[in-house]
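Straight from TrEMBL, the features:
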BINDING   Gly74, Thr75  FAD binding site
DOMAIN    108-199  domain 'Oxidoreductase FAD/NAD(P)-binding'
BINDING   Cys219, Cys224, Cys227, Cys246  [2Fe-2S] cluster binding site
Amino acid sequence: MRLEDIIIKENKKVAHDTYLLSFVSSDMAKEILPGQFLEIKVGEGLNNLLRLPISIHDVIDDTIYMLYKVIGNGTKDLTEYKTGAKISALGPLGNGFPKLEGEKEVLLVAGGIGYGPFPLVIRNNNNYKLFYGVSTKNEIAKDTTFKLENDKVNVATVDGSEGHKGFVTDILEEYILKNGEKDKIIFSCGPEIMMKKVAQIANKYNIESYLSLEEYMACGIGACVGCVKKIKNSEKKEGWEYKKVCKDGPIFKGDEVIWE
């Protein structure tokens, strides 16, 4: 984990309310694992008191890419930072997705901005299928480091404006039914309601799954205890314990998450 003042290389809009920010840091780039995140400090004042947790989208040589969506004052202010601007970055943080081994096909299930961490997962692995769900086609982040126009990508839009009309979990299950559940593993990131369904599908077909939980992480290092989630633990009297999404996660096994 490092604290650096970084110089923005590019900060461009890639979809409706979605931006791709890049900067160069050879030291950070060497440490990053797929699924980790950075905590970014934007501006001063009460509106920007806390850092923003932003997913690491990709790493190419010494350049780090982050994908973020405008959802509040902090991310709105971040869109105003141009090439050459300086911001403070803390990270990389979190545990990351497990390293892929053997011949397993990884099924990547993304909902909206949950697409964020997957290009880095894919970068050194060609045995994958990406299932990418959004509400409508203008929310698809096409102009990033990863090109979505290939036969390994399956898109679902709720309104049917592109790809399958419906939910991304529908096309995930259809693919499993058609191709079988053997030698597969699922990585997922997105809204909680979607990941709950992903976990149910994984359990139904006995497929190992890992979920990147979305919680607001104020400190990013486990100090504030503001991002806890119930996780199964048979050694505890209650059968579960609270774990910090920022420090113990954000990646958890799908069959260990307790949904409320």
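Cβ atoms are placed via backbone N, Cα and C, with glycine included.
Keep in mind that TrEMBL annotations are predicted by a computer and have not been checked by a curator.
According to DSSP, the domain 'Oxidoreductase FAD/NAD(P)-binding' (108-199) comprises 32 helix, 24 strand, 36 coil. Cβ neighbour counts within 10 Å, taken over all protein chains shown, single out Cys227 as the most crowded of the binding-site residues Cys224, Cys227. Long-range neighbours of Thr75 (FAD binding site) (same chain, six or more residues apart, CB within less than 8 Å of its CB): Val42, Leu52, Tyr68, Lys69.
When the Cα atoms are compared, Cys224 ([2Fe-2S] cluster binding site) and Gly74 (FAD binding site) turn out to be 19 Å apart. Across the structure, Cys227 ([2Fe-2S] cluster binding site) and Gly74 (FAD binding site) are spaced 18 Å apart at their Cα atoms.
A mean pLDDT of 96 is what the model gives for the domain 'Oxidoreductase FAD/NAD(P)-binding' (108-199).
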